[in-house]
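K.L.:
What follows is a single structure, and I will ask about it in a moment.
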């Protein structure tokens, strides 16, 4: 009987934890995991007891309690809390890991089955299909990991493929994968065709993804209504209420808290909620383009001979100089790959410009004067810093989408040429002769790789795959590459790849079109907020007398109209940033996509306050 923080773990709970541990696929053994969690629990418990004792000592001084009783009580209370938390932490950690893996499997399995179907249709044996899937973690995430467990069970434990699949059915956290494996096992036992089964499941998953997309759009509609009600109309109602309260000489504390604390924090919470709810509908990110080499690891380096140290230093200088020249020549690519790197230039420039403005400004330097002086320059500086990020990100995204739009035509040409009897290499050369929009430069590069540089078809396809940061294209090129390495007859594989790509691309296009309406809703909400601020300033507060002109017990109190204008200006700027980020998350599930909306809304706010308000 094991224990954790002094609380014993029953055999029933240990059995349940073992099942969760297997589903979580955490490295090491179950005993090692329990030992590690026990060690962490002891450390946390000790820290909580010490914190409780310290709080008890502070309470004894503050409330004049007996020191021993206060220290013992504080240590006991936090110690008991720590015991409960540590006891439950084993379940919590495993449950979170299982939940994350389940979500990843459910997202990637519909993309993995067409890959398995294509390889199987191309003549590959079932276990070889599993081995290929297990090596494509960058394409199929945790689904590849699950089939990797099947491969290990066969190769290391000596199980048959059927026994390994049955074991996977018992340990996978995904009900979707469990149903897929159970049906496959039943089919194999009855002597059915797994290739036909993969085809049927592929069609079923296509319908399921289509239905899931409809549910996703409906869910976004509900979230958009929630955002408008709670995070746009809510602050508007709060501002009106607190302004009316301030007319009775109440302090402006609540208005400050609403604008500078509640609005940004509530929007952050909504973005986290939106990201959590939309997580099951997202595809995994494209693989990293950086390649690590490990060929020289573990090899001992011989001692340097006399005179070689100077040669080594010269070589290092030459390598550093060559790397610097490469970065300068590929400066555009350096920023396009990671647009946020432009902040290395724009942020220091913004600080320098802001400092110059403050130095040139005439005194006095009261906090209110400084804030009123720098708020517009700061807003313009934020726009200036976000602009290059947005331009680079959007240009890269637009280029990728143009390539995705042209890829079905390239695949169609490739399939047609292969159908008439041309081998894959000649079919690629024929398909790359004519123009294909944004794909043309890369296809010409692939053509040169084949004709001029003597590269194999697989090498040319892999290079094309690396050049385009699109998961759809990566999966398609990987499938064609592997099929070409396995068999010379890939006509059926090309048909499957083309059909699957067209369907996936059409679903994504329809999804973007259907979610674009919520961007319009967010913009309308922001403009409504701006209109409310205008009405408050010019049709409400303008008619209220100042503190020296009290009428019926109501006045602006200690706050003047200029102070309200400043507060509402900041509220509009904050609302613009928040609404822009939410618009990006709703339309494309990406905060980077919201930067362009932030720029536009901030610009609208600045112009409105400078010209109209």
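Heads up, the Cβ atoms here are built off N, Cα and C, so glycines get one too.
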K.L.:
May I ask you to indicate which of 5-34, 65-94 is given in TrEMBL as transmembrane segment?
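P.N.:
Comparing 5-34, 65-94 with TrEMBL, transmembrane segment matches 65-94.
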K.L.:
Assess whether the transmembrane segment (517-541) lies in contact with the transmembrane segment (566-587), where contact requires at least three Cβ pairs under 8 Å among residues 6 or more apart in sequence.
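P.N.:
Judged by the Cβ rule, the two regions touch, with the required three close pairs present.
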K.L.:
Quick test of the contact rule: Cβ under 8 Å, at least six residues beyond the ends. What residues does that give for the transmembrane segment (65-94)?
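P.N.:
Same-chain contacts beyond the flanks: 4-7, 17, 20-21, 23-24, 26, 34, 37, 40-41, 44-45, 48-57, 59.
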K.L.:
Tell me, please, if the transmembrane segment (566-587) and the transmembrane segment (254-274) are in contact, taking contact as 3+ Cβ pairs under 8 Å between residues separated by 6 or more positions?
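P.N.:
They are in contact.
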K.L.:
In the same chain, which residue numbers or ranges, 6 or more beyond the ends of the transmembrane segment (39-59), come under 8 angstroms Cβ to Cβ?
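P.N.:
Same-chain contacts beyond the flanks: 4-5, 65, 67, 70-79, 81-83, 85-87, 89.
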K.L.:
List, by number or range, the same-chain residues at least 6 past the transmembrane segment (594-612) whose CB is under 8 A from its CB atoms?
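P.N.:
Here the qualifying positions are 376, 379-380, 382-383, 386-387, 389-390, 393-394, 519, 522-523, 526-527, 530, 534, 569, 572-573, 575-577, 579-585.
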